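Student: Before I ask anything, here is the structure I am working with.
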Amino acid sequence: MIKPWNEWDLDALAAHTRLVGFDLDNTLANSKLPMKPQMASRFSELTRRIPVAVITGGRYSLVVSQILDVLEDRAILANLHLMPTSGTRYLRWNGHEWSCVFSHDLDADQRARAAASLERHAREQGLWLEHVWGERIEDRGSQITFSVLGQQAPLEAKQAFDPTGELKERLARAVADDLPDLKVHAGGYTSVDVAGRGIDKAFAIRELAACTGIQVADIVFVGDRMTPGGNDYPAAEAGAMGVAVSCPADTIRFVDGLLERLPEWHPEQPPRQA
């Protein structure tokens, strides 16, 4: 089930939820930028109330710069589940550092074929632009991502470039024909991702449930691309409660509502953990 953030019955939701998952870009923070202080404060407090997960198409280094580097000291790291590159990697805090629970990396041949196909079809379709912000093709190990405007393109430019998604969908279809052994899908506003077959946020949610022992139906997932074809939609398709937001400001309002309803943590008792 998917509803806008302000249409959920928060009393019922808070009573039912055992884990809250978030998309990153344009949900917790603006694209590639750190969470703002007001978000970091609420996110940190939420880890003291309930297990929290971040499932993002971005690489782990962005999770560090956008989330971990700005968390407040009160955050309970043991209550945080990190799943970068669309859940192909899963990291937990072991008391000393972030350790990798699993990683589903593409092999060298798969990565090379994906990058070559993305570049060839982007050039053929007029999407290999002369002026871009940062790298066009990024090898994330478990995922190859092509960004039409470059990895560092500002949000406003990405939203304006392909508002219907037609261009990136056409590119994704062409690349998919070249790579029958891999999954190709339109990712963010102007990006196309290539990963192992079956790898998306539905996969991530199911893996998270299996690793934590929490039922998928007891997981909330918050994202800004919750419509069919959006990269957050598969999380709800898998059975999680989908909360649709349009920007970090919506997420703040939703989290405020949860914090009002989730019990506070007291130092003499451990926080709820998965």
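From the backbone N, Cα and C atoms, a Cβ is placed for every residue, glycine too.
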Student: For the alpha-D-mannose 1-phosphate site that TrEMBL assigns to S191, D193, which of R140, R170, R253 is also named?
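Tutor: Looking at R140, R170, R253, the one TrEMBL places in the alpha-D-mannose 1-phosphate site next to S191, D193 is R140.
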Student: Which of D200, D218, D224 does TrEMBL put in the same Mg(2+) site as D23, D25?
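Tutor: TrEMBL lists D23, D25 binding Mg(2+), and from D200, D218, D224 it also lists D224.
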Student: Could you state the CA-to-CA distance between D25 (Mg(2+) binding site) and S191 (alpha-D-mannose 1-phosphate binding site) to the nearest Å?
Tutor: 13
Student: How many neighbouring Cβ atoms, not counting its own, are there within 10 Å of the Cβ of D23 (active site, nucleophile)?
Tutor: 26
Student: How many angstrom lie between the most widely spaced Cα atoms of the alpha-D-mannose 1-phosphate binders R140, S191, D193?
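Tutor: Greatest Cα separation within the listed binding residues comes to 14 Å.
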Student: Please list, in sequence order, the residues in the chain of S191 (alpha-D-mannose 1-phosphate binding site) that are at least six apart in sequence and whose C-beta is under 8 Å away from its C-beta.
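Tutor: Result: G57, T145, F146, S147, V148, K168.
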